[in-house]
Amino acid sequence: MGDMKDKMKGFMKKVSFSSSGPPPNHVNNLSSQNLPSKQNTKSLAQKPSDSDKRIENKCVNHEEVSSHIDNCLASEASNLGVESKDEEVKSGVEECVSVYVSGKPSDGSVEVVVKLLKNIGKEPTNAKFRKIRMGNPKIKEAIGDVVGGVELLEFVGFELKEEGGEIWGVMDVPSEEQLVKLKNVVSLLEPKKVEELASASQVKAASEPVEPKKIDRQIKVFFSVPESVAAKIVLPDSFFNLSHEELRREAEMKRKKLEESKLLIPKSFREKQAKAARKKYTKSIIRIQFPDGVLLQGVFLPSEPTSALYEFVSSALKEPSLEFDLLHPVLVKRRVIPHFPATGERAITLEEEDLIPSALLKFKPIETDSVVFTGLCNELLEISEPLETGSASSS
């Protein structure tokens, strides 16, 4: 921008002097015969010539043009800054609304959110519109139980606070910037816009390739043990980013879990809290127990898809073509861990399946007349070892 300003000033300088012509050469134009008298000389000294006036006017004009150029360039820079900020706000709004729409809220739920935000936009100083009870059935359905609902509230300025044994969404008097966000969110939640965002979200999810990561599985195989023993997995310090003080606080939080469960906390808020807790873990130890009691153990990243578990187990079987299911560790009602996602669907991660920071899965073979379960491959059986109390990963 500095270079542009210098060039403009140089250009205007050239224009000024070219239009005025070269300054008159008084010495050459005056001859000895035409020298003015003393009285005329005094008059000339007191009254500037027309040429001098033109030069003076051009200099003044040059300064005015230079000042005008500076003001224009400063205004241009200011406008660019405002436009850049507006683009950031618009991008953030679209991303936040897209996440909410991907949670597939009902039309009625979207209407509740729109009405809530419109009321704040119309009467931003009205406190009753800026405090909502998250346990309210309509609010719970429209926001609490929808993925991205709580995040959408926080994005426009709400904060979740506990009061009187319940969770409330509270918002201060919105600033101009927050009012702009509210307006943009409302415009994107119009029926037509919602359909467009939902369609774009599905296309993006289908088109984003998942890049495979090379993970050191730190494979271990243990001799046959009862399930109750296999389920006792002790994690090494390298598996989480927690200090001793944080570990103490986490243990305290677990003791309060029963009390907290009595509160009317929205489902999405509870999930958000659990997700934040799981983020502390960098890896997960997964054990798969086979029908003969043998254990196969590997290390996984929380962000890996559940299909990585099936690939891991298939490569360990003596009969890799055998189809099988991996059952979730929940004892009350075991369910199958998702296999490979269908075309156009997003892969489910270990974190989303609540397999962090460790889990014991059960192997269920789907045998046929020609393919049956014959155990792990010989290479792995050769490294089998007894399972000692607290055995986990070497690092």
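Residue 1 is the first one shown; counting continues down the chain.
Note that Cβ sites are derived from N, Cα and C of the backbone, with glycine treated the same way.
Copied over from TrEMBL, here are the features:
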type	residues	note
REGION	1-67	region 'Disordered'
COMPBIAS	16-48	compositional bias 'Polar residues'
COMPBIAS	49-67	compositional bias 'Basic and acidic residues'
DOMAIN	279-363	domain 'UBX'
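Counting residues per DSSP class in helix, strand and coil order gives 10 helix, 28 strand, 47 coil for the domain 'UBX' (279-363). For the domain 'UBX' (279-363), the model's average pLDDT works out to 88.
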